Amino acid sequence: MPEDGECAAACGSPVAANISRVNGRTKRDRSLETTSKTERKRRTCDPSERLSCHKTQDSLLSSASGYNKYRGILNWCVVMLVLSNARLFLENLLKHGILVDPIQVVSLFLNDPYRWPAACLVIVANVFVLVALYTERQLSKGSFSERLGFLVHAINMGVLITFPAAVVLLLPSVTPVGGASALSIYTILFLKLYSYKDVNLWCRELSSIKVKKLSRSLSCESQTQAHVSYPGNLTIRDMYYFVFAPTLCYELNFPRSPSVRVGFLLRRLCEMLFFTQVLVALAQQWMVPIIRSSMKPLEVPNHLLWLMFFYWFFHSSMNFTAELLRFGDRQFYNDWWNSETVTYFWQNWNIPVHKWCLRHFYKPLLRRGFSKKVSQSAVFFLSAFFHEYLVSVPLRMFRLWAFMGMMAQIPLAWFVGRFLRGNYGNAAVWISIIIGQPFAVLMYVHDYYVLHHRQEVDGL
């Protein structure tokens, strides 16, 4: 039969619960103290025990030991990674000499300095932003019907995704790097405007009030003012805050940090500049000569470049932008490196895209009656399309390797989730990361050099 304190705790009395916990701890402490004294006394009295240096215990690396402090092994792996890459770098330096040329990077973006095609594409993107804002304003005032507004949005976003692709494919002066940069910006803008359309539609569905006089958006104002409500968010300032904010999901009132931390901002800026130089140097010194001469893409440190790009973009760059705009939500990634399933990796390595897919694609499909498996497959299909879009169009080659690589994640996710657990699942995820998308992108680059630098390759 339970004691009075335990009964009182079960009935919800906080005082009695505290008394019960204290009594429980006191009894356990006394028991442990008595056991410890007995053990010491037994060892003191028994000569064989006094001379013993062994006890029953598991090896640290056994799963039964419960040991999980592997920081030293992790440091060893990092040191081995650095040393192995340093050896390859020295071999590359002795064979090819110093190939790093920062000036050459500018020419990749601007083949024709008088036309600046990639920069012009980015400037033209403002037209699509203003069309989306104008459409939402007309919808808020009742000047556009919902059907007409949907049609305008559909045309606007359809042109938004096809126009830059057509320019990159038809205009020879657009370089692969400049085209990839412009298409990345247009893809981000497409996802942002889709979210902007959805959220404003939800606001109209929740409120039947339509005013023709727009109040000033407070999502860009100081925290002393009240939160904005629809349609007060439909201003140019609010729209462009969302365009530059490090998120793909629109809100009327974003979480804001109290102030800009100058020290934090400068550290992120230094990281951005440093890793930009490292990525460019590795690409010029390591990737290009290997692809041009030996045509052995497996020797290129593409995985190392991918990890550096992840840190540069998701940590340094996005935190820099968030700090500059006082954007409060800084969860741009989660612990994807501990992923034991492929699904967990894709849910946690790119949080902004995951939030967008969950909010604007996956859940709407579920509400329309589609099953979870069909909805998840549709999300992978959409991701595969944009991966192929961002690689094939700038290189003007269509191989479908990026698309097939993403679609292959569906059976891989099923296999890893069903047959592999724990460390084995984590190892499988890392293998898929190393030989997955970075390798597919490298194959595109390999074929690009084969097609466009055949004479250089044959002469070496």
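Each residue, glycine too, has its Cβ placed from N, Cα and C.
Predicted automatically and left uncurated, TrEMBL annotations should be read as such.
Residues annotated as active site in TrEMBL: His387. According to TrEMBL, the compositional bias 'Basic and acidic residues' annotation covers 29-46. The region 'Disordered' annotation in TrEMBL covers 22-46. As annotated by TrEMBL, transmembrane segment applies to 73-90, 116-136, 148-171, 177-194, 272-291, 303-322, 377-395, 401-420, 427-445.
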Contact set, same chain, for the transmembrane segment (303-322): CB under 8 Å, 6 or more residues outside the stretch: 81, 85, 244-246, 257, 264-265, 268-269, 271-272, 275-276, 278-279, 282-283, 287, 328-330, 332-333, 349-350, 433-434, 437-438
Segment proximity, the transmembrane segment (148-171) to the transmembrane segment (116-136), 3 or more C-beta pairs under 8 Å: yes
Long-range environment of the transmembrane segment (377-395) - Cβ separation under 8 angstroms, sequence gap at least 6: 161, 165, 168-169, 174, 176-180, 183-184, 187, 346, 353, 357, 361-362, 365, 370, 402-407, 409-410, 437, 440-441, 444-445, 448
Highest-contact recorded stretch vs the transmembrane segment (177-194), from 73-90, 148-171, 427-445, CB pairs under 8 Å: 148-171
Cβ neighbour count within 10 Å of the residue listed as 'active site': 20
Surrounding residues of the transmembrane segment (427-445) on its own chain - C-beta under 8 Å, 6+ positions past either end: 287, 291, 297, 300, 302-303, 305-306, 339-342, 344-345, 387, 391-392, 395, 397, 399, 401-402, 405-406, 409, 412, 416, 420
